[in-house]
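Notes follow once the structure below has been shown.
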Ligand SMILES: [Zn+2]
């Protein structure tokens, strides 16, 4: 028999299942959850909770699904404090700053890269993130990309090969040769360690034709596509994401009406990363426009040392509500169920029976406080796969 635990006296429970409670978030007041092993076995009012082996009193706190952070870059070394400081002192962000991190990452030992990764994963977990994706992209040689993915794979199932982050400085004079490497020898070495393939489709990185070649080569090796699209300028990335049935087009800051329509009529999630606009003092993505058109929106941190050095999903929720036109309910959904859709996962991002028992307790009566009380560490307890993890 698998042990069962009831979590009782939940002030407001967000299940993300409209069949279980009120509204699109399936909210239940005075709620309880039953966990059996690593799964949710039951969700409903505390007054109706079935008998269990153990009970855990939430004491009126809100409980939400653990955040699904579907976009981060955590295999890196070094620091870009000076670049941030300069940018906040008036300089503009360009894609080339990535080269600083590439040099530091290549010089780091495997142990140093892994220690850095686990440091930021623990930081994210304490803030309620129970599922995270992370990428390579700061090695840009076959050996350095392969080791980044090998290190990441020991800590998450959601690993993305991003050899096409920028053209390697070693091939600055011959981008076509670098695309050949990324789609050839490097792909062969990296594909066994990754689930996803990604490309930074942007002026100064890879154009639409290069991005199509890279993602198509990855698909042929069994990798699933996702794209850094339309971050710094209008471009072909979003349309390419839809054409290739990418799980997600990430950033989506500069969209034409045709881009919005394409997303709304596809299974490609628009993943918005407001930490990047915050940290580069850039124009916000328009979440309201995407939602009103019927697109599926996810929120994620883009945690990386250059353009968005935050691991805090609650911070991103607060920005999305304050500056991107999302309601608190929409932002919470986007950071949980939306993230799960952006990773094509059905076992996380919700708390219906059968889901993985990944949840965060908030020192607040409801999830609305994540935006209402920005910057306050409201996550007081985190469970992952049925076990208290933070
Ligand atoms: Zn990114």
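Keep in mind that glycine also has a Cβ here, set from the backbone N, Cα and C atoms.
According to its DSSP assignment, residue 73 (Zn(2+) binding site) is coil. Counting every protein chain shown, the number of other Cβ atoms lying within 10 Å of the Cβ of residue 73 (Zn(2+) binding site) is 26. Residues annotated as Zn(2+) binding site in TrEMBL: 71, 73, 228, 302.
Under the heading Fe(3+) binding site, TrEMBL lists 71, 73, 228, 302. Counting only same-chain residues at least 6 apart in sequence, those with a Cβ under 8 Å from the Cβ of residue 71 (Zn(2+) binding site) are 133, 248, 250, 271, 273, 300, 301, 302, 342.
According to TrEMBL, the 4-imidazolone-5-propanoate binding site annotation covers 80, 138, 165, 231, 307. Its own atom aside, the Cβ of residue 307 (4-imidazolone-5-propanoate binding site) has 25 Cβ atoms within 10 angstroms in the protein chains shown.
Feature annotation from TrEMBL assigns N-formimidoyl-L-glutamate binding site to 138, 304, 306. Listed in sequence order, the residues of the same chain lying 6 or more apart from residue 138 (4-imidazolone-5-propanoate binding site) and placing their CB within less than 8 Å of its CB are 73, 75, 76, 77, 98, 101, 102, 104, 105, 106, 144, 148, 165. The DSSP secondary structure for residue 138 (4-imidazolone-5-propanoate binding site) is coil.
Sequence annotations record features per position, and here TrEMBL assigns domain 'Amidohydrolase-related' to 63-367.
Here the candidates are the binding-site residues 80, 228, 231, and by Cα distance the one nearest residue 306 (N-formimidoyl-L-glutamate binding site) turns out to be 80. Residue 306 (N-formimidoyl-L-glutamate binding site) is surrounded by 26 other CB atoms, counting those within 10 A of its CB over all protein chains shown.
Other than 71, 73, 228, 302, the residues of this chain whose Cβ falls within 8 Å of the Cβ centroid of the Zn(2+) site are, in sequence order, 72, 135, 250, 251, 273, 276, 300, 303, 304, 308. The Cβ centroid of 138, 304, 306 marks the N-formimidoyl-L-glutamate site; residues of that chain outside this set whose Cβ lies within 8 Å of it are 73, 76, 80, 98, 101, 137, 305, 307, given in sequence order.
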